[in-house]
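Features reported for this protein in Swiss-Prot:
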- CYS38, HIS68, CYS154: Zn(2+) 1 binding site (BINDING)
- GLU98, CYS101, CYS104, CYS112: Zn(2+) 2 binding site (BINDING)
- LYS11: N6-methyllysine (MOD_RES)
- LYS213: N6-methyllysine (MOD_RES)
Amino acid sequence: MRAVRLVEIGKPLVLKDIDIPKPKGAQVLIKVEAAGVCHSDVHMRQGRFGNLRIVEDLGVKLPVTLGHEIAGKIEEMGDEVVGYSKGDLVAVNPWQGEGNCYYCRIGEEHLCDSPRWLGINFDGAYAEYVLNPHYKYMYKLRRLNAVEASPLTCSGITTYRAVRKASLDPTKTLVVVGAGGGLGTMAVQIAKAVGGATIIGVDVREEAVETAKRAGADYVINASVQDPLAEIRRITEGKGVDAVIDLNNSEKTLSVYPKALAKQGKYIMVGLFGADLHFHAPLITLSEIQFVGSLVGNQSDFLGIMRLAEAGKVKPMITKTMKLEEANEAIDNLENFKAVGRQVLIP
């Protein structure tokens, strides 16, 4: 089968012809119909998430097939698989655990001590077929097609968890930093659907700002031409916001947007751009603000976002579909901030 693989850090991905894996036990072989392109794929190609090196620090073994936003049809199953049939259209939760560690036992499989992350340390979906390690991490699609469903397995699950951690309700105001991207447009929609909060979308390009507005943001700020803090103070009448979801966590965003928080506000840190956090500690105490990390999502988050999308409450904003051979171009678009919404590869 054709597969696009990371062979060497910092180099373009390489299209290879490799063997189709054979499922056994609880494994499922899926014929890939769509694979979303995520900014984590930029970090993988670069070989690091901030200062964390994927090989030396995270234990990734090369070569590896990228692609963790997965939807497709079941091709073959191991003898332990129940509840599914060949030909079923499924989405796959790529953030899997081995099942035995403390975090797996309490339902936080994405924090597993020995994780099985498809497209990271297990071969992913930039290929004609992908081997899913366990059938319990699948969702049988009834209304969504594969292209619509694939981004939900990362951008959807990640922002669903972040919105939950923000503790929103209709009295609250939320800032989404990076609101015009694949994660940002999902965060805006989920926050509206689940929390009913007032949403301020922030981005740095006019096209991205307009995309955030189409996603449902009540207010939008182009931080490249407007003073975001002044605009946030104006919108909130000086109070500040109840939560910020930072999908970048860059030096720039972390130096600006914590200052937008109201008392008892929450700063939800999602992005992996690798900046350090510098904040005057007494202000955390005096204003009772919280800095909260949020990493992808667990199986409950996966089921939650899939059901929300199948009910028509949210929908990924797919802006471009591309061929498998165009994977490097898609990642270039993200790396150079030329992408808005979500790009999806179709093998």
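Cβ coordinates are placed from backbone N, Cα and C, and glycine is handled just like the others.
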Other CB atoms within 10 A, centred on LYS213 (N6-methyllysine): 16
Inter-residue Cα distance where the pair is LYS11 (N6-methyllysine) and LYS213 (N6-methyllysine), in Å: 36
Chain-mates of CYS38, HIS68, CYS154 with C-beta within 8 Å of site centroid, Zn(2+) 1: GLY36, SER40, ASP41, GLY67, GLU69, PRO94, GLY119, PRO151, THR153, SER155
Rounded Cα separation (Å) that holds between CYS112 (Zn(2+) 2 binding site) and CYS38 (Zn(2+) 1 binding site): 21
DSSP three-state assignment for LYS213 (N6-methyllysine): helix
For HIS68 (Zn(2+) 1 binding site), the number of other Cβ atoms found within 10 Å of its own Cβ: 28
Cβ-Cβ distance under 8 Å to CYS101 (Zn(2+) 2 binding site), same chain, at least six residues away: CYS112, ASP113, SER114
Shortest C-alpha distance to CYS104 (Zn(2+) 2 binding site) - which of the recorded positions LYS11, CYS38, HIS68: HIS68
Among CYS38, CYS104 [binding-site residues], residue with fewest other Cβ within 10 Å: CYS104
Which of CYS112, CYS154, all binding-site residues, has a Cβ with the fewest other Cβ atoms inside 10 Å: CYS112
Same-chain residues at least 6 apart in sequence whose Cβ lies under 8 Å from LYS11 (N6-methyllysine): ARG45
Alpha-carbon spacing, CYS38 (Zn(2+) 1 binding site) to GLU98 (Zn(2+) 2 binding site), which is rounded to whole Å: 24
Cβ-Cβ neighbours of GLU98 (Zn(2+) 2 binding site) (radius 10 Å): 14
Distance, GLU98 (Zn(2+) 2 binding site) to HIS68 (Zn(2+) 1 binding site) (CA atoms, angstrom): 17
Conformational class of CYS104 (Zn(2+) 2 binding site) under the three-state DSSP mapping: helix
